[in-house]
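Structure first, then comments.
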Amino acid sequence: MPGSPRACRLRDLLLTAFGTGAFVLDLGADVWAAGQYARQGCLLWAALQLAALGLASTTQQLFSWTWYRGDPADLHPSPHPGRLLALLHLLHLGYVYLMGFALWRQEEPAEFDLDYANFISMDISMLRLFETFLEATPQLILVLHITLCTSRVEYYQWLGIGTSFICMAWALLDYHRALRSCLPTKPALGYFSSTVYFLWNLLLLCPRIVALALFTTVFPRYIAIHFLLLWVVLLLWVWLQNTDFMPGPASEWLYRGTVAVILYFSWFNVSEGRTQSRSIIYFSFLAMDSALLGGTWLAHNIPLPSPSLLLWLLPGAALCFLLGLGVRGAYYQWLHPSRQAEALDEGDGSRGFALQDGHLNRRMAVLAQSFFPIAAPAKSEEVNGVL
């Protein structure tokens, strides 16, 4: 049946595979762009390009190793020598190994293969989201900085800009779909809903990225100070929400620090309950900060050359941000599952996506309970608040 849970999970798996292909293309574009910078003698740009790649890969391996060590011993299809896995993670290959070879080595029935593949795909979606905001987003700002400073765009830079924007919005969509698959009581995300979700994330990300890139052309060294100051504030914001996602205190701080980086660019909910007030505070703060960054650039570039596309850049970014907020509001009003799903029965508190042997991806189930408002019991007619 096209609407069966198995068909929906298979569709999610295919979309995950498509997203993985996009990220492989992005990786190749990153290495190629760094090589082009080095050939032109711009070693600092090449170093920054590769530094973002290395930071994202290291963080990804840390999460992958921590999660694998915290999983039940009988969860994965076959035992792996601890030293071998540790070496693979040290070589930045552990995540790829667990994602691919662990699936290929299964010898169980096909239904279990699909369940286990979906279990792994949930972790992959989150790791890819981390990778996006630690690697692709800073690299995109670097490319835009270079473009604005040199007033020209090379063909490989167009490739990097295009793939980075696609990967950023796609990673958020893929993560959203993975969370929803943790909640069988919620309807599957349709193609129209996916398109709207992708669109409003793209519309809200673009002005933020543009504002940061413009600021770097005026004060390239101060952008690091700006990031560190806001990162500390956002880390405090995450800590005050009492996150409990990772298996240990040290790894929990790794998670909080990574989430703070994401919040520097985009909204990311980490705690249960109604989040309307928190999202209003966040987007108001983000709008003021981006306006300050854009205003700083404008103050140092008046008068702008005419005719020039720069004359339309800030008004276009502001319009894009307002349009993104409008599309986001429409999505949560009519398309978000809290507006669609039937009420849950009492006692269905875990709401995790379970494997046939009883295992479930508790990491994503915990986040799903934060991302999607908890439905009221069946006897209640109360409507859940928006995210």
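Heads up, the Cβ atoms here are built off N, Cα and C, so glycines get one too.
Please treat TrEMBL annotations as automatic predictions, because they have not gone through curation.
Positions annotated as transmembrane segment by TrEMBL: 43-63 (among others).
The transmembrane segment annotation in TrEMBL covers 84-104 (among others).
If you look up TrEMBL, you'll see 155-173 (among others) marked as transmembrane segment.
Feature annotation from TrEMBL assigns transmembrane segment to 222-241 (among others).
Sequence-distant neighbours of the transmembrane segment (253-270) (same chain, 6+ residues past either end, Cβ-Cβ under 8 Å): 59, 62-63, 66, 129-130, 133-134, 137, 168, 172, 201, 204-205, 208-209, 227, 230-231, 234-235, 237-239, 241, 243, 245-246, 278-279, 282-283, 367, 370-371, 387. Annotated transmembrane segment per TrEMBL: 253-270 (among others), in sequence order.
Taken from TrEMBL, the feature transmembrane segment applies to 279-298 (among others). Nonlocal intrachain contacts for the transmembrane segment (279-298), taken as residues 6+ away from its ends with a CB within less than 8 angstroms of a stretch CB, comprise 207-208, 210-212, 214-215, 217-219, 226, 230, 263, 267, 269, 314, 317-318, 321, 325, 387.
Away from its own ends, the transmembrane segment (310-331) comes close to residues 193, 196-197, 199-204, 206-207, 210-211, 214, 283, 287, 290-291, 294, 298, 301, 304 of its chain (Cβ-Cβ under 8 Å, at least six residues beyond either end). Annotation source TrEMBL lists transmembrane segment at 310-331 (among others).
Tertiary neighbourhood of the transmembrane segment (43-63): same-chain residues 27, 30-31, 33-35, 37, 89-90, 92, 94-95, 126-127, 130-131, 134-135, 138-139, 142, 146, 251, 254-255, 258, selected by CB-CB distance under 8 Å and a gap of 6+ residues from either end.
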